[in-house]
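Structure, as structure tokens:
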Amino acid sequence: MTVSILIFLPLLAAAALVFLKNEVAKLAALFFAVVELALSAYFLANYIPGSNTQFLVDQSWIPQFGIYFNAGIDGINIIPIMLTTLLVPIIILTTFKHEYTKANIFYALILFMQSGLLVVFTALDGFLFYVGWEAALIPIYFISALWGGENRIKVTLKFFIYTFAGSLFMLIALIYLYTQNPSHTFDLHEFYNFNMTAKQQGFVFLAFFLAFAIKMPVFPFHTWQPDTYTEAPSAGTMMLSGIMLKMGIYGAIRWMIPVVPQGFDQYYPYCITLAVIGIVYASIIAFKQKDGKRLVAYSSIAHVGLIAAAILAWNVTGVQGAMIQMLNHGINVVGLFFIWDIISRKLGTRDLSQLGGIAKNNPWFAVAFLIITLGTVALPLTNGFIGEFLLLDGVYYYNITLAAVAGTTIILGGVYMLRMYKSVMQGPTNDLTLTFTDVTGTERLVLVIICALIIVIGVYPQPILHLSEASVTQLVGEVNAKLNALHAPAAAVPVK
Amino acid sequence: MEKFFNIVQSVPLNHYILLSCILFSIGVIGVLTRRNAIVIFMSVELMLNAVNLLLAVFSVFRNDPSGQVFVFFVMALAAAEVAVGLAIIVMVYRNTSSIDINVLNKLKW
Amino acid sequence: MEVKSSAIDYLPIIIQMLVAVGFAVGTMFATHALGPKRKTADKLTPFESGIEVVGNARTPFSIKYFLVAILFVLFDVEVIFMYPWAVNFREMGFTGLIEMFIFMATLLAGFIYILKKKALDWD
Amino acid sequence: MDLLQIGIKAGLVVIIFAISLVVAMYSTYAERKVAAFLQDRVGPNRAGPWGILQPLADGGKMFMKEEIIPARANAFLFIVGPALAIMTACIGSAVIPWGQEIKTGSLTIDLQVTDINVGILYIFGVVSLGVYGVMIGGWASNNKYSLLGAIRAASQNISYEISMGLSIIALLMFTGTLSLKEIAEQQHGANWNVLYQPFGFLLFMVCSFAETNRSPFDLPECETELVGGYHTEYSSMKLGFYLFAEYINMFISSAVMATLYWGGYNYPGMDWVTAHVGPVIGPLIGTAVLFGKIFAFIFFFMWVRWTIPRFRYDQLMDLGWKSLIPLAIGNIVLTGVWITVYDKFFK
Amino acid sequence: MNTLIVISVLPIVLLYLGLYKAKNALLPVTIVGLLVALGLAVSQWNVDAQPIFSGMMLFDKYAIAFSSISILSTILILALSKEYFERISSHVAEYYAVILFALAGIIVMVSYHNLSMLFIGIEIMSVSLYILAGIKKTDFASNEAALKYFLMGAFSTGFLLFGITLIYGSSGSFDLDVIRDWALTHTAKTVDPMFYTGIMLMIVGLCFKVGAAPFHFWTPDVYEGSPTLITAFMSTTVKTAGFAAFLRLFSTCFASLADLWTPTLMVITVITLCVGNVTALYQQSFKRMLAFSSISHAGYLLFAIVALGINSGNSVFVYATAYTVASIIAFAVLILVQQQSGNDNFESFNGLGKRNPFLAFVLTVAMLSLAGIPLTAGFMGKFFMFGGAVAKMQIWMVIIAVINAIVSIYYYFKVIIAIYFRDAERAELVAPGYVNVVLGLSVVITLVIGVYPNLISNLIP
């Protein structure tokens with residue numbers, strides 16, 4: 001059994017969904033997503049932690065360009081894959097209270113996107129990676145633009161052009177790597193194994209960084225993000241923030257730094273600085289937001305900035321932190337957006353100043369919101385804690401000052417998240433919030449699942465860390481070995 | 001007198017090339033500067049004939065008949081072009097009563 | 001054509017042209033000098049069978065003439081292609097015959113087409 | 001080619017030029033006489049004995065007439081038209097072989113202005129240019145009759161040029177050359193082309209009539225509907241040029257017909273004459289024979305003019321396009337098949 | 001070879017069918033004839049091709065591949081033509097015939113082995129197109145398009161011919177092999193200035209024909225003024241053939257002197273890309289936008305010639321196929337929309353997603369393909385082009401191209417936005433069955449090639 005089944009199942013499901021009626025499509029989509037989850041669980045169960053790639057599929061695709069349909073699961077991508085298969089059914093579940101027009105297309109697009117995302121995460125061939133990267137982009141564009149809010153057309157086009165621009169530069173970088181490597185393939189490991197001059201690597205690094213930075217997004221490439229998150233339908237926002245931005249993080253870990261270590265070596269100080277600036281900047285902006293969804297969007301920039309900084313610091317701790325934080329952030333941010341989805345659906349507004357006192361009459365909702373908020377602010381024993389801790393640790397190894405600045409994310413995050421919680425849930429109830437009814441049915445189910453995940457991972461993260469540990473250690477080690485060899489004559493390079 | 005004929009016969013190739021280049025340039029300039037469709041068309045024909053001259057000259061200087069055969073092709077296709085081109089010009093004239101290409105500005109140039 | 005004409009062979013033609021031009025120009029000048037010149041407005045109006053001149057003579061004329069001209073251009077060029085063939089006909093033998101028959105068949109196909117299209121009917 | 005030859009050629013040019021003019025002049029006289037003969041009347045008889053000086057009188061009158069250029073005409077083109085007509089008519093004779101080479105001692109005199117290898121094409125080229133004279137003149141007059149005449153002339157000339165070109169192809173398949181000299185030489189003795197191409201000759205002759213705007217194809221100047229056709233506005237020698245050009249064209253086309261189909265300067269028993277009478281006299285007799293043939297054709301032209309009524313314009317075009325072209329192509333096909341079969345089986 | 005004969009005889013048959021009033025037989029006969037021609041072309045595939053007709057033509061795999069795509073796209077376009085020409089004029093048979101004559105010219109253009117055939121092919125095609133551009137006799141825009149196309153086309157022919165002549169003058173032959181051999185004995189430094197000038201003039205002439213900037217100025221007007229179906233033919237089949245001819249010449253003859261002409265062509269490519277894209281941005285008319293975008297696509301196609309390599313033929317083939325199929329979809333939908341709303345503005349497409357979801361879907365796929373989004377054929381085309389260019393280290397050009405690709409998203413998505421996100425009070429748009437067949441087929445081709453380009457990307461050795 002290879003990962004191709006994992007990739008193609010959602011695709012086929014999407015095709016089937018087009019021909020179904022709206023009501024049936026909803027259930028069918030959930031069914032397929034759960035089947036997908038089960039499949040991935042099967043893979044997880046059979047996965048042997050280690051560095052070698054498993055469940056490999058390796059088919060010739062475009063031989064004249066040395067392109068293979070080459071995908072598999074290893075320690076680096078298992079977490080994002082699990083994240084995807086886990087979150088998609090949850091996201092589908094969150095939409096059950098919505099009545100979308102042409103729901104069959106909507107769910108088909110979500111499943112299509114899932115397929116694209118899985119291609120991105122499993123691909124071991126540069127071309128395949130790129131195709132998945134773009135394939136995931138098309139459906140989310142249509143999801144956002146068709147079912148989104150007022151300004152959706154302009155905003156989503158901006159989003160599309162931004163990300164497409166980034167990815168085209170990545171395409172050039174990939175083609176360049178293809179032409180430069182001696183065996184003329186797009187194979188990832190081939191990319192790892194050959195050497196280019198520092199200048200060439202620098203260019204490739206910049207191209208990759210542009211693509212990934214836009215996707216994550218890292219300051220100053222983030223301008224598309226808050227608008228898009230705000231305008232997209234909730235499910236779209238969840239797909240974007242929960243899974244899609246992990247493409248950037250994952251890409252950096254797998255496709256950027258190990259492929260062009262020397263390029264990375266030249267530019268990473270600037271990149272980290274950008275990431276850290278982004279953290280502080282986004283936190284401050286988040287602080288000022290009145291729209292709850294927008295606030296979460298900015299908080300996401302801040303969190304992702306920290307992940308980016310940790311990756312760019314490039315040490316085992318940081319990368320491991322990034323790994324687990326990818327999962328955590330996905331869960332948390334989906335939870336938060338779902339909370340806001342519920343509020344805006346029930347009350348028709350997301351303005352913090354108009355809300356308040358919801359907690360009084362709605363205990364289920366209050367508890368869930370609290371848990372998710374705490375998870376996001378990284379309270380110990382929630383999932384956020386372990387991730388952020390490792391990330392900060394990673395950055396700290398690189399530079400104490402930066403770590404200190406980056407650490408403000410926890411403080412600032414705590415402040416604005418709790419302020420948000422307070423202004424929504426506590427204080428006096430007003431006419432509007434009185435109408436709020438407690439969560440029921442699928443909403444309650446989703447919130448329970450998310451809260452459970454937050455707590456379980458927070459208490460016992462070890463199995464997840466264990467999944468990726470060997471691979472990460474090896475990857476980090478290889479790159480650092482290359483860099484050390486490079487710096488050996490100059491000596492006196494701090495070992496990371 | 002004998003010398004005179006020798007000179008006539010041995011006009012250097014470059015002079016022919018120069019002549020056709022000049023004719024060709026006149027044609028090009030005509031196309032670019034004139035606004036009357038017929039005159040433009042005639043300028044184009046001048047360009048083609050400059051080419052024909054040069055082809056014939058090369059053909060003679062290289063003792064290779066294919067150049068002259070090419071002239072035939074050029075003439076035949078120029079004739080076809082004349083037929084179609086004049087028909088188009090007549091059509092335009094019937095609709096607009098003008099063959100000044102400046103009148104044709106419904107579509108932007 | 002084995003015989004090659006050189007530029008010299010055309011010299012007499014140039015002489016003849018010069019003579020012709022000389023004759024035409026000379027005669028023109030002679031009549032100009034010899035004839036009387038008594039111009040009146042009526043004499044200089046175009047002849048229109050004695051009645052008042054109506055409009056300009058430079059008016060569009062029947063498209064038929066134009067069509068004939070276009071067809072001439074096309075057919076004449078096709079005919080030109082036959083000259084080298086006709087001159088070398090004996091050397092080319094049977095293949096040449098067939099090839100030219102194909103050429104002429106195409107020509108005829110076009111010819112019959114324009115006939116059927118009534119491009120050459122004058123009414 | 002040395003200076004002497006150039007001199008001889010120049011002399012020949014002038015002689016032929018003069019002969020053309022004289023023939024043309026006397027053709028006008030002949031035309032009237034022939035017309036008179038056919039209509040059973042006397043014809044011009046006042047100037048000189050039998051009116052023989054009539055052409056000179058006509059010429060003199062032309063010179064003395066007032067030259068009128070209509071006010072609305074385009075003066076420059078109005079003058080260029082007839083000049084072009086006469087010029088093109090006059091240069092057509094350059095490639096016609098008027099006789100055999102005359103050898104006297106070291107000197108060889110070629111009775112042809114120049115023998116170029118594309119003689120027939122030259123003639124066609126010059127003849128096609130002739131229509132410009134008519135067109136330019138007719139258009140420049142700014143007269144409706146003239147314009148119609150000019151258009152008719154152009155349209156007629158180009159229509160018949162196709163069939164003319166096609167009809168001659170069958171001949172070329174026999175001769176294998178475009179040089180009139182060679183064609184004439186090939187018909188040595190009585191081996192005349194008309195024997196092989198009688199039908200081609202007929203086609204060619206019909207086309208010649210049309211090309212020279214002679215009756216029954218004189219639509220461009222048909223006086224019943226178009227007054228004077230393209231030369232309605234012309235007067236004095238400019239009118240003379242047009243009339244002259246027509247007669248010279250008639251002369252040239254007679255010469256071409258005689259050369260291409262009727263053996264040119266060849267006559268039966270010419271070798272015997274050259275051998276026994278003399279190397280100068282023999283060829284000169286040939287030249288005389290050629291002129292005899294030319295005059296016969298000219299007479300034929302006139303005979304037709306005064307016998308056959310004029311075509312209607314649509315009949316004219318129908319004849320040209322719908323009859324002559326298919327017939328000419330048919331002639332080519334037959335000739336081609338015949339030559340191929342003959343070469344393959346009987347040679 | 002037989003293909004060419006069939007395609008030459010077919011229009012004559014059609015003309016006679018038209019004479020004998022067999023109007024209903026026209027389209028079936030055309031399509032059957034073209035299919036026969038296509039079959040004959042493909043049947044030559046495994047034949048080891050040698051120059052035929054005294055070295056005039058060479059039906060090698062390159063020629064067969066491009067002939068096939070040209071014939072195929074013509075079939076697709078003609079399949080849309082049912083009832084289209086009847087609305088314009090009564091001389092229906094002539095239009096089919098003239099289109100097929102143009103196609104015959106195209107076949108010659110892609111299979112020439114002698115510069116005279118290049119010239120003849122281009123002229124047969126161009127002269128037919130002049131007529132086609134003006135088939136709406138009373139329509140002013142159509143007249144103008146025909147006149148402009150004619151004058152510009154004849155003008156460019158002059159340049160092409162002068163180029164051919166100079167090349168003949170220096171190399172002594174029109175035969176591609178002889179010219180190549182001649183070029184091989186010279187280096188960029190020692191080559192005759194006449195030869196160099198010849199190459200430059202041929203570039204000018206060919207760039208005119210394929211509508212590359214700065215010789216593009218006729219393109220938008222002609223494309224806009226011509227009847228839409230003819231525009232579709234011009235911007236797809238004709239453009240493909242133009243590039244096939246362009247590439248054949250440069251890859252066969254002038255490859256060894258690449259240093260001479262690459263810089264010029266590079267400049268042309270960059271200008272073409274930028275001009276096409278930037279002006280397309282400002283268009284309000286869909287048809288005109290397609291015209292300008294076709295200029296920028298010409299720019300992408302030029303990449304293959306600038307970065308001449310063993311894969312250039314395949315790159316052009318894939319790109320041209322993708323572009324052709326996508327454009328046919330776009331024009332087919334445009335024709336339907338135009339018929340309903342009476343104009344070709346973007347607004348006419350408003351709410352198409354509701355009015356006819358199938359049309360909306362295929363047009364979306366076409367736009368994505370033109371924009372070069374993965375999983376469509378257009379992406380594969382761009383990928384092949386960029387791949388070739390990067391391999392030749394033309395990185396800066398690729399970056400410029402990428403920036404242009406990003407710009408192009410904007411105007412292609414304008415259509416998608418109009419289709420799905422804007423509403424219009426219009427009746428449902430019903431597409432006739434034959435249009436749906438063509439569209440369906442085109443979409444399938446686009447997607448299949450987008451996923452598995454190997455089907456067509458390895459054809460040309």
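Placement of Cβ uses the backbone N, Cα and C atoms for every residue, glycine included.
Over in TrEMBL, the protein carries these features:
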DOMAIN    A:125-409  domain 'NADH:quinone oxidoreductase/Mrp antiporter transmembrane'
TRANSMEM  A:27-45  transmembrane segment
TRANSMEM  A:65-93  transmembrane segment
TRANSMEM  A:105-124  transmembrane segment
TRANSMEM  A:130-147  transmembrane segment
TRANSMEM  A:159-178  transmembrane segment
TRANSMEM  A:198-214  transmembrane segment
TRANSMEM  A:235-255  transmembrane segment
TRANSMEM  A:267-288  transmembrane segment
TRANSMEM  A:322-343  transmembrane segment
TRANSMEM  A:364-383  transmembrane segment
TRANSMEM  A:395-418  transmembrane segment
TRANSMEM  A:445-465  transmembrane segment
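Comparison of A:235-255, A:267-288, A:395-418 by number of C-beta pairs under 8 angstroms to the transmembrane segment (A:198-214) places A:235-255 first.
Counting residues 6+ beyond its ends, the transmembrane segment (A:364-383) has Cβ neighbours under 8 Å at 299, 303, 324, 327-328, 331-333, 335-336, 339, 342, 358, 389, 410, 413-414, 417-418, 420-421, 424-425, 436, 438-439, 444, 447-448, 450-451, 453-459, 461 in the same chain. Ranked by Cβ pairs under 8 Å to the transmembrane segment (A:130-147), the stretches A:105-124, A:267-288, A:322-343 are led by A:105-124. A Cβ distance under 8 Å defines the sequence-distant neighbours of the transmembrane segment (A:65-93), meaning residues of its chain 6+ beyond its ends; these are 2-4, 6-7, 10, 26, 29-30, 33-34, 36-37, 39-41, 43-44, 47, 49-59, 107, 110-111, 114, 117-119, 121-125, 127-128, 178, 183-188, 235, 238-239, 242-243, 246, 250, 253-254, 323-324, 326-327, 330-331, 334, 442, 445-446, 449-450, 464, 467-472, 475. Across the candidate stretches A:105-124, A:267-288, A:322-343, A:395-418, the maximum count of CB pairs under 8 A to the transmembrane segment (A:235-255) is reached by A:322-343.
Tertiary proximity for the transmembrane segment (A:322-343) is limited to same-chain residues at least six positions away from its ends with a CB under 8 Å from its CB atoms, namely 76, 79-80, 82-83, 86-87, 90-91, 94, 229, 234, 237-238, 241-243, 246, 249-250, 253, 292-293, 296, 299-300, 303-304, 306-307, 310-311, 349-350, 355, 358, 365, 368-369, 372-373, 375-376, 383-384, 386-388, 390-391, 394, 424, 436, 439, 443, 446-447, 450-451, 453-454, 457, 461, 464-465, 468, 472.
Remote same-chain residues near the transmembrane segment (A:267-288) are listed as 202, 205-206, 209, 213, 218-220, 222, 295, 298-299, 301-302, 304-306, 308-309, 312-314, 395, 398-399, 402, 405-406, 408-409, 412-413, 415-416, 419 (criterion: CB distance under 8 Å, separation of at least six residues from the stretch ends). With a threshold of 8 Å between CB atoms, the same-chain residues lying at least 6 positions outside the transmembrane segment (A:105-124) that come near it are 3, 6-11, 13-15, 17-18, 25-26, 28-29, 32-33, 36, 53, 56, 70-73, 77, 80-81, 84-85, 88, 91-92, 95, 131-140, 142-143, 146-147, 187-189, 235, 239, 243-244, 247, 250-251.
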